[in-house]
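Features reported for this protein in TrEMBL:
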- 23-33: compositional bias 'Low complexity' (COMPBIAS)
- 106-271: domain 'Thioredoxin' (DOMAIN)
- Cys146, Cys150, His235: Cu cation binding site (BINDING)
- Cys146-Cys150: disulfide bond (DISULFID)
Amino acid sequence: RISETGAVSRLGAAFLARAGFSSEASSAVQGSSTPAAAPVKEGGDGKSGKSEQGEAGKSVRGGPVSWLSFLLLLVTGGGIIVYYDQEKKRQIEELKNRTSAVKQEPSVGTAAIGGPFKLLNHDGKPVTEKDFFGKWTLLYFGFTHCPDICPDELQKMALAIDKIKEKTKMEIVPVFITVDPERDTVEQVHDYVNEFHPDLIGLTGTNDEIRKVARAYRVYYMKTEEEGSDYLVDHSIVMYLMNPKMEFVKFYGKNYDADSLADGIIKEIKGRQ
């Protein structure tokens, strides 16, 4: 039967292992709960018993120190985890605040979003912002290994541009730019964009090129701290409407559905004609 102390120590060791502490620290916690050796009955000369009791006494006295070490490690590990989560939330909140602060009214001029870039499209051909001159463009930044948000947003984009064409005959160019250039090769992006819309253009590039275009469009992205090739990427969930001069007009967040996105874009374009 496992004692209560032994059970607690095993839970503590499991926590330390999940928090990233070494196996030695976990072993130390488990070792602290090992029962002291049972004292040997006193022998005929009265010496043997005293010696064994002394050894047992040392083991018992060592217990509180080990538990104190465990508690210190427990508090430290919990603090590290809390700090990492808060720092991650803080960075995301800062990005949201910067994005929300952008003025979008026509009377205040063009916001400082966008800029020159040079990337490769999903056919492997060089593309710059000048290739989109003369067209209204809708941009979205994401990555092909995204499990849910990116597919939902691209599906919404595809439905919206079709609705716009049905209502007004206007054609909007949909563009997907990866924030995961390490895995999103030309071939990978090619297969991905074809799943959503025949007109969807996929763009990729080197790490430096993607970093530059993301900075120009104020896009936040950060690879999660996971080992192997199955990592995820935290990133902004925003679509950017750009005018025929590739100047920023308005951004649309996740709260828009396909209908409200289409109506919002139509309103912005007609208001500038």
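Every residue gets a Cβ built from N, Cα and C, even glycine.
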Counting other Cβ atoms within 10 Å, pick out the least crowded of the binding-site residues Cys146, Cys150.
Cys146
Cβ-centroid neighbours of Cu cation site Cys146, Cys150, His235, 8 Å, sequence order:
Phe141, Gly142, Phe143, Ile149, Glu153, Val179, Val233, Ile237
May I ask you to report the DSSP-based helix, strand or coil state of His235 (Cu cation binding site)?
strand
Would you report the average pLDDT that the model assigns to the domain 'Thioredoxin' (106-271)?
93
Mapped DSSP class for Cys150 (Cu cation binding site), helix or strand or coil:
helix
Do any residues at least six apart in sequence from His235 (Cu cation binding site), in the same chain, have a Cβ closer than 8 Å to its Cβ, and if so which, in order?
Phe141, Gly142, Phe143, Val179, Val219, Tyr220, Tyr221, Met222
